[in-house]
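One structure is given here, and the rest of the page talks about it.
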Amino acid sequence: MTNHVIILPLIVNLLFSIILMFFWRNINFQKLFSVIGNAIGLGVAIYVFTHVYQNGTQVVEAGNWEAPFGIVFVGDMLAATLVLLTAISGLAVSIFSSISVINARLRFGYFSVFQFLLLGLNGAFLTGDIFNLYVWFEIIIISSFVLISIGGEKNQLEGAVKYFALNFFASMIFLTALGVLYGLAGTLNMADLAGKVQSIENRTLVDVCAVLFLVGFGIKSAIFPLYFWLPASYHTPPSAVSAIFAGLLTKVGVYALIRVFSMIFEIDVFLQNLLIGLGILTIFSGGIGALTHTNIRKVFSYLIICHIGFMIGGLGLFTKVALTGVVFYLIHDIIVKTNLFLIAGVIYRIKATTNMNKIGGLYANYPKLSLLMAIPLFSLVGVPPLSGFWPKLSLILASFSEAQYWYFGALIFGSFITLFIIARLWSKAFWKDQPEFKRERKFIYFYELRPFQKLQFIMPIMLLTFVSLYIGFGANHIQELSVRIAEEITNKDLYIKAVLNP
Amino acid sequence: MELLLAIITGLLYAAGIYMIMRRSIVKLILGIVLLGNGVNLLIFLLGRITKGEPPIISDSDKILEGIFADPIPQALILTAIVISFGLQSFAIILVKRAYKVLKTDDLDQLNTTDEDS
C-alpha cells in the first residue's frame, strides 16, 4: 500500500468543481462552497507540504503501473511548495471573487471552472510524466479561456482572441516537441528521460527539441519576443481572474522550464547564453513597457513580464545560489503578483477606473487601506526586509560570481525601474489630489458597500500581505527551503532514484 | 510511406502557420485545425510506422519479441485529438461571439486593448 497523500489536492479540487457544477443556478451556495472548498484545499496543501518536507520526495503510481511505463505523480519539495502557494492564492482569490465578480458572470459556472483551473495547476506541478504535463496544461488553458471570456464584454472578447491564439499555438509547439522527444528517447517519464536523453547520439535533434520546449513554455511564461499576448489580455477580465492568472499561469510556464531544463536537457553554453540573453531582454522590455502605460492593471501586466526575466536569467546561470534565488523569487512572486491585481481591483471599486491620471487622494481618503496596500507594493520593489529583497540578493550574488555582468546590470535596472514605477503609482494614485471626479451612475462604489462586503474585499489582501510579510521577515525559513529545493534541482539523481526504485 | 507522411506533415505545418498569420480570424481557426492535425501526424510518424505487427503477445510467449507497432503514440494522438477538438469548438464559439460584438474579422482592427483607458 503506497502512500497517496500527494494526490489529495487534486482530489479536493476535482470533487469541489463537480459539487459546484450541481448547483449551477444557486450563486450564494456556490460562493460559500467555493470558499469552503479552497479552505479545505489549503488545509490539504499544508498537510502535503509538511508530509513531503518531513519524508522527502513522494511518488504515486497511477493504476499501480510501474514507473517508466505508467503515469507517475511526484511530489518533491518544489512541487509541494508550489501546490501550497497555489492553495493560498486560490483561497484569497475565491474570497475576492465572491464579492468583486458580478452575479451575471458567476451564473455561468465561474467557481466550478475556477476549481478546474486550480486542479490543472496542481496537476501540472505534481506530475512526473511529460505527456501528462501537456494534458494538465490543456486543462489550465481551457479553464483560463473560459474565465477570460466569461461575461463577453467587447475588450474582453478581443483580449480572449489574442490570449487564445497564442496559447493554443504554444500548446501545439509543446506537443511537437513532445512528439520529437518521444521519437528520440521512446519514453515519456521525466525521470526515465533524464537518463535516456543523455545517451542519444543525434545531439542536433536534441538541441532542436530543447529549443522547441523553450519556445512552447516561453510563450506560456511570457518571455522576450513571445510576451505580446499578456499585456493585451490580462487587464480585460475582472480583477479576480487577472489575479489568479498573474500569480500562477505564467509561473507554471517558469516551473515547466525549470523542470525540463534541469531534468531532461543539460544547460550547455548555448542554452545558458540563450536563457540569460532572453532573461535580460525580458527584463528590459517588461520594464520599459510598464513605463509607457498609465492603466494600473496594464502597468502590473508589464511588471509580470519584467520579473519573469529575473527567473529565466537565474535559471540560465544554473548554479546552486542562482537557483536558490530563482525558487525564492518564484515563491515571493506568486503571492505578490496575485495581491497586486487584487489591489487593482479594490482601487477600481473605489474610483471606477484604473487609469492613474484620473485617480488620486487614496491616501487621504483611506489611510489604513493605503498602508495595507503599501506593503505588497514595496515587497515587489524589494525594500529590505520585505520579501522581494532576499531572492534578488541571491541572484545578484550568483550573477557576480559567474561574471555575468550584463545580467547583473539588468537585475539592477529591473529593480530600479520597478522602484520608479511603484513610486510613480504611489505619488499619482495615493498622494496626488483627486482630479475632477465624475460620479458614474449604476456603479456601486466601495464606500457604499456594507461592512461585511468591505471585509470580503480586504480580507484576501490581508491574507496575502501577511504571507508576504512572513516571507520577508521569516526569510531564513524560506531561504532554507529554497536551498533545499535548489539542491534537489541540481542533483537530479535524487528524483530519478525516487521515481524508478520506489 | 514515411516520406509521404513527412511531406504531408510539413505541408500541414506550413499551411497551418500561414493561416494563423493571416489577418482574418476565420483563417486563424482553420490554421489551428490544420496545425493540430499536423502535430498528430508528426507524433504518429515519430512513433515509427510498423505494418501488420500488432503488439499482441501470443499464447506461447511471455514477452513481445521482434519488431512490433508501438501503441503509445496512438494513445497520445487520441488524447491530443480529443483535447484539440474541445479547444477548436471553443475557438469557433469564441470567434463567432467576437465577430458579433466587435463587428470585424480583421485582426488588425483588434487593437482597442492595446490603448490606455
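Every residue gets a Cβ built from N, Cα and C, even glycine.
Sequence annotations record features per position, and here TrEMBL assigns transmembrane segment to A:6-24 (among others).
Annotated transmembrane segment per TrEMBL: A:31-49 (among others), in sequence order.
Among the features that TrEMBL reports, transmembrane segment is placed at A:69-96 (among others). Within the chain carrying the transmembrane segment (A:69-96), a Cβ under 8 angstroms from the stretch's Cβ atoms is held by residues 5-7, 9, 34-35, 37-39, 41-42, 44-46, 48-49, 51-53, 57-63, 111, 114, 118, 121-122, 125-129, 132, 189-191, 239-240, 243-244, 247-248, 251, 255, 258-259, 327, 330-331, 334-335, 338-339, 342, 345, 456-457, 459-461, 463-464, 467, 481, 484-485, 488-489, 494-495, 498-499, all 6 or more beyond its ends.
A Cβ distance under 8 Å defines the sequence-distant neighbours of the transmembrane segment (A:108-127), meaning residues of its chain 6+ beyond its ends; these are 6-7, 9-10, 13-14, 16-18, 20-21, 24, 30-31, 33-34, 37-38, 41, 71-75, 78-79, 82-83, 86-87, 90, 93-94, 97, 101, 133, 135-140, 143-144, 146-147, 150, 244, 248, 252, 255-256. According to TrEMBL, the transmembrane segment annotation covers A:108-127 (among others).
For A:129-418, the entry in TrEMBL reads domain 'NADH:quinone oxidoreductase/Mrp antiporter transmembrane'.
What TrEMBL records for A:133-152 (among others) is transmembrane segment.
Per TrEMBL, the feature transmembrane segment maps to A:164-185 (among others). Using a Cβ-Cβ cut-off under 8 Å and counting only residues 6 or more beyond its ends in the same chain, the transmembrane segment (A:164-185) has close neighbours at 130-131, 134, 137-138, 141, 144-145, 193, 196-197, 200, 202, 205-206, 208-209, 212-213, 215-220, 226, 228-229, 264.
Per TrEMBL, transmembrane segment is recorded for A:205-228 (among others).
Feature annotation from TrEMBL assigns transmembrane segment to A:240-258 (among others). Here the transmembrane segment (A:240-258) has long-range neighbours at 78, 82, 85-86, 89-90, 92-93, 96-97, 100-101, 114, 117, 121, 124-125, 133, 137, 140, 144, 147-148, 150, 213-214, 217-222, 230, 234, 297, 300-301, 304, 308, 311-312, 315, 326, 330, 333-335, 337-342, 344-345, 489, meaning same-chain residues at least 6 beyond its ends whose C-beta is under 8 angstroms from one of its own.
Taken from TrEMBL, the feature transmembrane segment covers A:270-292 (among others). Same-chain residues lying 6+ beyond the ends of the transmembrane segment (A:270-292) with a Cβ under 8 Å from its Cβ atoms: 207, 210-211, 214, 218, 222-225, 227, 231, 261, 299, 302-318, 404, 406-407, 410-411, 413-414, 417-418, 420-421.
TrEMBL lists A:299-319 (among others) with the feature transmembrane segment.
For the transmembrane segment (A:325-348), same-chain residues at least 6 beyond its ends with a Cβ under 8 Å from one of its own Cβ atoms are 78, 81-82, 85-86, 88-89, 92-93, 96, 100, 238-240, 242-244, 246-248, 251, 254-255, 258, 296-297, 300, 303-304, 307, 310-311, 314-315, 354, 359, 362, 369, 373, 376-377, 379-380, 387-388, 390-395, 397-398, 429, 446, 457-458, 460-461, 464-465, 467-468, 471, 478-479, 481-482, 485-486, 489. Residues or ranges marked as transmembrane segment in TrEMBL: A:325-348 (among others).
Look at TrEMBL and you will find A:457-475 (among others) tagged as transmembrane segment. When Cβ-Cβ distances below 8 Å are used as the criterion, the transmembrane segment (A:457-475) is approached by residues 88-89, 91-93, 95-96, 99-100, 331-332, 335-336, 338-339, 342-343, 345-346, 349, 369, 372-373, 375-376, 379, 385-387, 389-390, 446, 449 of the same chain, each at least six residues removed from its ends.
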### Query
What parts of the chain pack near the transmembrane segment (A:31-49), using Cβ distances under 8 Å and only residues at least 6 beyond its ends?
5-6, 8-9, 12-13, 15-16, 19-20, 23, 75, 80-81, 83-84, 86-88, 90-91, 94-95, 97-98, 106, 111, 114-115, 118
